[in-house]
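Positions annotated as transmembrane segment by Swiss-Prot, on the basis of sequence analysis: 3-23, 45-65, 69-89, 129-149, 158-178, 187-207, 213-233, 242-262, 318-338.
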Amino acid sequence: MKLLTALSELISIFLFTTIFIFLARKVAIKIGLVDKPNFRKRHQGVIPLVGGISVFAGICFMFGLSDYYIPHLSLYLICAGVLVFVGAMDDRFDISVKIRAVVQAVIAVVMMVIAKLHLGSLGYIFGPWELVLGPFGYFLTLFAVWAAINAFNMVDGIDGLLGGLSSVSFAAMGLILWFDGQTSLAMWCFAMIAAILPYIMLNLGILGRRYKVFMGDAGSTLIGFTVIWLLLETTQGKTHSISPVTALWIIAIPLMDMVAIMYRRLRKGMSPFSPDRQHIHHLVMRAGFTSRQAFVLITLAAAILAGVGVTAEYSHFVPEWVMLVLFLLAFFLYGYCIKRAWKVARFIKRVKRRLRRQRENRPNLTK
């Protein structure tokens, strides 16, 4: 595929999604598909929840525009469409967690039975021995689908963060697949980014605060499902493009945040799905950073971790078990910082004050 052709297609997807999201936000306001501020949501005014619907429209446009060969494409679009519809209904009418979990489980079963996408192996994470899962892989796949959807749902807490973290994941997968010759799958990843960018621009208020939109559960569900579909497509089989352990690095921040916060809630005797303000973005902002700064810092951290995974995938000299050990070390470091968040926040504030004093004193020294 010519690079110029690929670029023109991505620009077309971006422009289509931009136009669609502006039209969709008007419809959303009329039908009540909006997010209203409450004790946890501190935004001003009602915000249309059309980011996810627009991303899905952009992806449908991409597949209608091109002739890429994507295995079981029709099945993916049907499954994703169902999840987006249920997510939109949840955004509008607040569907119970149990109903959403059942729908996600049914979609996962359909994916495993018809598309044959499931975890059959976790690779060589124990040295020279491949960890083959057998029938247990189907149960683990069900959990993986649920985990991916909820991981990206949980990081959708401040402006731009879900879009930034998902773009990092899709970019990492896209680069690996592009250089591996999997052009169609790589373009799918890049198309996801092109469809997400208009949402990021409106969500951050780059085109004006009055055009602000949110992703909604429809969007976070779509992103999580697409990520796990692509990872199952590319990490399994005899000639897989991505090692299973690399998948952990590609979605590191959403995965770490979900596991850490659910563990903390369970230890307190709370439901793992109960809302709170203990996510990574809340803790970073508590350390004295603004919402925009937290978005940049967390996205940068995700890019670094994904970069480690991509580099190891290309280097081929770092064993998979070493990458697993390094990931677990990174996870425990993350957990340590989260568990002692107040100490970390106090340390960061102290450093920021010290740097501020140094900047203030510097002009006096030069006089």
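Backbone N, Cα and C define each Cβ position, glycine as well.
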>> For the transmembrane segment (3-23), give me same-chain residues lying six or more residues beyond its boundaries with a C-beta closer than 8 angstroms to one of its C-beta atoms, as numbers and ranges.
In response: 50-51, 54-55, 57-58, 61-62, 65-66, 187, 190-191, 193-195, 197-199, 201-202, 211, 213
> Are there 3 or more C-beta pairs under 8 Å linking the transmembrane segment (213-233) with the transmembrane segment (69-89), counting only pairs at least 6 apart in sequence?
Replying inline: yes
>> Counting only residues 6 or more past its boundaries, what in the same chain has a CB within less than 8 Å of a CB in the transmembrane segment (129-149)?
In response: 83, 101, 104-105, 107-109, 111-112, 117-123, 220-221, 224-225, 227-228, 231-232, 251, 255, 258
> What stretch, picked from 45-65, 187-207, 242-262, 318-338, has the most CB pairs under 8 A with the transmembrane segment (213-233)?
Replying inline: 45-65
> What residues in the same chain, six or more past the boundaries of the transmembrane segment (242-262), come closer than 8 Å to it by Cβ-Cβ distance?
Replying inline: 119, 121-123, 125, 147-148, 150-152, 154-155, 165, 169, 172-173, 176-177, 227, 231, 234-236, 272, 276, 278-280, 298, 301-302, 305-306, 308-310, 312-313, 320, 323-324, 327, 330-331, 334-335, 338
